[in-house]
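Enquirer: Here it is, the structure in full.
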Amino acid sequence: MTIRHQGQQYRPRMAFLQKIEALVKDMQNPDTGVKTQSQRVLVTSVPHAMTGGDVLQWIIQRLWISSLEAQNLGNFIVKYGYIYPLQDPKNLILKPDSSLYRFQTPYFWPTQQWPAEDTDYAIYLAKRNIKKKGILEEYEKENYNFLNKKINYKWDFVIMQAKEQYRAGKERNKADRYALDCQEKAYWLVHRCPPGMNDVLDYGLDRVTNPNEVKKQTITAVKKEIMYYQQALMRSTVKSSVSLGGIVKYSEQFSSNDAIMSGCLPSNPWITDDTQFWDLNAKLVEIPTKMRVERWAFNFSELIRDPKGRQSFQYFLRKEFSGENLGFWEACEDLKYGDQSKVKEKAEEIYKLFLAPGARRWINIDGKTMDITVKGLKHPHRYVLDAAQTHIYMLMKKDSYARYLKSPIYKEMLAKAIEPQETTKKSSTLPFIRRHLRSSPSPVILRQLEEEAKAREAANTVDITQVMSKLDRRSLLKKELPPK
């Protein structure tokens, strides 16, 4: 049997169908496969039929799996249309009894190139309409009317094809005609499933490109591949022990700055009511904490990422008459992550301020980088200054950063840095125990308490004698008053 391997290159999630097809081919082996024979269905003898129990037993013996796994796999095969039931076509499960099944012809397998188009489905429905004399199921009637409106321009062709196929089918013998009808019905139950059934072939939109297609390599592509492998050979390999040592060193270096592992100083504001931690670690606080200043010495990225560290580094660069380097880097960051509707204006402004001949804050970059940058500014975009920005970044990292750490500015900042002490709590002797926040009472509960208090006041018993005595006193006072 020759099976075309088509239709899967655009459907990466359907690649497992190849394994199912290989298993179905083994099932159809005349020597080691599932035993088939002619079976009588209604008044017709159908050739090459088999029972669900035989299929289940063959799967168990062939794959050495449990009966439950074999049942699930059998249901899987039936749902994808490789085996179809003869007696209950809509029930796409493998019954482990004497229910009759039949192998689907490879022409109707899901991996074939031809798709289930509307025209083919319309011809099938028109043929069933002729055969059943207009008695179709409800969902088939709806699809028939919908397709009649959708492809009305070629409906005459659909009816003509349906009549020709119906006429050709009547010329076949009864068994072949019944088998072909079952095959078509099983195919369309999978590809145009009725309402309420699971569409197992729903894989989404087709891909525009074929990821498995073998493309013809050009000379340029081969040269790039050779260059890549040459660079890979020249690249120095690192032992796993060295890599793991680097990870351990990094973890030890940053462990003191991990708020979860080492805690927060003076206290965690999310657990306590103290907001001093936020005040001490504000972006541009006047005097930062010692831990924050020490972190600037870890690497250059930690320094330039911190707004306070960047401010201190800018002050140092101005003293060295190279403050334009950090200014250019910040302008490039604003170009990349700022308002993109003003990219062109920002790029022109950066060029005039930092790159143009005789610019007020001219930066020193090599000629090759300058040529790439100027050429890219003809069509500006957010990454047009990446080459120049990388050059300046590496210049500051390798030259200015080391001098900054040795400068009096950094040493003075480190000496003045605050080292907050942990807030002690009398209620707890263990450092990891934290006082939980007390939530304020819910407004709903407060309203309920007020209503209950009013109800209690209204329910208090009233002394009638006291009320009557008060009314009598008021009436006597009115009588004793002299007339005006």
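Every residue gets a Cβ built from N, Cα and C, even glycine.
Pulled these from Swiss-Prot:
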- 30-105: domain 'DEP' (DOMAIN)
- 219-280: domain 'G protein gamma' (DOMAIN)
- 299-414: domain 'RGS' (DOMAIN)
Enquirer: Sort the residues of the domain 'DEP' (30-105) into helix, strand and coil with DSSP and give the three counts.
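Expert: Final tally across the stretch: 25 helix, 20 strand, 31 coil.
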Enquirer: Summarise the domain 'RGS' (299-414) by DSSP state, stating how many residues are helix, strand and coil.
Expert: 88 helix, 0 strand, 28 coil
Enquirer: With helix taken as DSSP H, G or I, strand as E or B and everything else coil, how many residues of the domain 'G protein gamma' (219-280) land in each class?
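Expert: Across the domain 'G protein gamma' (219-280), DSSP assigns the residues as follows: 43 helix, 0 strand, 19 coil.
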